[in-house]
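Written below as structure tokens is the structure these notes are about.
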There are 2 protein chains.
Amino acid sequence: MATPLLKSGQDPASQADEPTSPVARFGPDAALAMDAGVDLAPWQIAYQTAGTLNAARSNAVLVCHALTGDQHFASTHPVTGKGGWWDRLVGPGKPVDTDRYFVICANVVGSCMGTTGPASLNPGTGRAYGLDFPLVTIRDMVRGQAMLLDRLGIKDLFLCIGGSMGGMQVLQWAASYPERVFAAMPIATGARHSAQNIAFHEVGRQAILADPNWHGGRYLDVGTRPAKGLGVARMGAHITYLSEPALHRKFGRRLQDRDAPTFSFDADFQIESYLRHQGITFVERFDANAYLYLTRAMDYFDLAADHGGVLANAFRGTRTRFCIVSFTSDWLFPTADSRAIVHALNAAAAPVAFVEVESDKGHDAFLLDEPAMISAAKGFIAAAARERGL
Amino acid sequence: MATPLLKSGQDPASQADEPTSPVARFGPDAALAMDAGVDLAPWQIAYQTAGTLNAARSNAVLVCHALTGDQHFASTHPVTGKGGWWDRLVGPGKPVDTDRYFVICANVVGSCMGTTGPASLNPGTGRAYGLDFPLVTIRDMVRGQAMLLDRLGIKDLFLCIGGSMGGMQVLQWAASYPERVFAAMPIATGARHSAQNIAFHEVGRQAILADPNWHGGRYLDVGTRPAKGLGVARMGAHITYLSEPALHRKFGRRLQDRDAPTFSFDADFQIESYLRHQGITFVERFDANAYLYLTRAMDYFDLAADHGGVLANAFRGTRTRFCIVSFTSDWLFPTADSRAIVHALNAAAAPVAFVEVESDKGHDAFLLDEPAMISAAKGFIAAAARERGL
């Protein structure tokens, strides 16, 4: 029903027989109760696993992916051919050790890599949902993951871990299902999206909506894709994932394969060429409506607002142990956002470690080879494993 | 020839009889020698003045406008109906005192408020230039202003002042015509554009180029305007003019005229509504191609590169006195950029004062009521006036 990758003009339904990962399907008896007030059914969730579930079923780890991530955290991506997006942190002998833990990562509800989202077939109309798909929240994503774990016979998680939008899911897991999360590690994230972050997302959405090939969200019906709008959205977002020092170090004002500016609107500077490439490659693997939905889910996220305006209330009585990680040069989710989480956990008397990693790589540092992050994860997870008796 | 405001589908030439300010016209005998290697002729420059030139012609002040600014620095804007964009700093009794000084502000070459730019009529084709207009540099803008001053019989400036792209022009003036600038005050600017700033500009340009109504830059010929693309470009840029604290204070996560999110892609948050408004009002007063050209001019600006890679070389032997101003929350032109200018001026043994203004208003602070900036300007200009014997 949902599509691993949508190609222009192709009926989404026709791709159902090309699964790139296992899929759990849920019928009308197992609708997904969404915050928008809709019971979504049928629906499905695509996932990947690595490692082996132990006999006690006590070694499960849930990896939560970021906005444009997917379930291919530790295996080759079916579209890009690249390795797993978190193979620096997850794998044999890595902090999330697939020799010791059973690791699951599921494509979130509203996305486009096999889980039901706006590009999926709407059984009520026989066409893709488009904007008829209900708005998705971080809580809906987590509900969907919980139903997947139920299906897999996993009662509780040894660890829930993720960065950025993945970190929001980790926080939501700890708040919604405290008894199911032994240890939680939200990285480079916040308990709510700031006005500036909402602003950047809104610009990206408007870029998509401005593309005439978007057709009011019905582009799949007419065989087009708003590739230019989505490309512009990605280019703008990509700047926010990096940092000024990282951009300066990587590109500076260096010219692209030339000695002098061309006095034209060509990509004279390497940074321009790089950004255009980011835009072009992104649209090959991502659905524009899914981008609208997932950015909106992040904008709506405000864990304190869901708990009487007091973030600590989200965590009262929890027995989950936390490790919070931020990066000094992350200006999308600055350290202050992580500190607010730490303060709330302190107020809720929850066990919490906090690591601010010195890095000039910006928000994307959580995806990169950051030794201090990797050793923090290794230490926290090993200690939690001992406490868990693993 | 050039147009004060372009309306969709209107022949640019037909607006030549609607001047909103004085215009100096230059024929083939006074071509503008542009860095792109083109001698532009005929060409014209639109300007506004306030105050009176004294008998010694020693009290002239040049105000340089920013990217989307224009010559209406101290008088009502003909399109928006708003007051002068710098009436907090310029006017009777203000730091740039129009009771004492003769103040000039000219629309820069490449812009769209009466000075020749891409929307002007190309005499070679009888159509608007579009992308046939030569790429413009900051140095070209300053050359054009110098020719205007020659025409007005003004040999040298008591003061050259401006913020952002206006500050770049001030630096270029001091470098190109040191003997013509008695005092210089570049505000919230840098001697070169950073990789991150080039990146943001490139996203804006791509948003315009992605709009099918842009028509390869020939939209005036076919009676359209790339309003959506230009609007998206403006929205994105506008975020960079503010600061996270300012956005948080002004908007936070407050909803727009409603108690709960609508679970839709409407402008739920006030910040979304504000940004959309910024995009819509901007396209009413600005030409999309001019936006392409002026952002490119800023990207190309690198004063050190023009002087053997050593910024101090741009100012060797200068007798101009400088006052450099930055704002703590300006992340587009952070204080480090101003410090680099100060260090270069120190190395060139030029007299320089440096003021970092504590403000949470971001880059746009230079346009706002910032008492510390205004008193710094007052003190610097008054002292310079005494030295000048005014």
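Any Cβ shown, glycine's included, is placed from N, Cα and C.
Feature annotations, courtesy of TrEMBL:
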- B:S164: active site, nucleophile (ACT_SITE)
- B:D330: active site (ACT_SITE)
- B:H363: active site (ACT_SITE)
- B:R234, B:D364: substrate binding site (BINDING)
- B:59-368: domain 'AB hydrolase-1' (DOMAIN)
- B:1-26: region 'Disordered' (REGION)
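Overlay of TrEMBL feature records on the structure.
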residue: B:S164; record: active site, nucleophile; Cβ neighbours (10 Å): 27
residue: B:R234; record: substrate binding site; Cβ neighbours (10 Å): 23
residue: B:D330; record: active site; Cβ neighbours (10 Å): 30
residue: B:H363; record: active site; Cβ neighbours (10 Å): 23
residue: B:D364; record: substrate binding site; Cβ neighbours (10 Å): 23
Original post:
Along the domain 'AB hydrolase-1' (B:59-368), what average pLDDT does this model show?
Top reply: 97
**OP:** Going by Cα-Cα distance, pick out whichever of the recorded positions B:S164, B:R234, B:H363, B:D364 is nearest to B:D330 (active site).
**Re:** B:H363
**OP:** State the Cα to Cα distance, in Å, between B:H363 (active site) and B:R234 (substrate binding site), rounded to an integer.
**Re:** 15
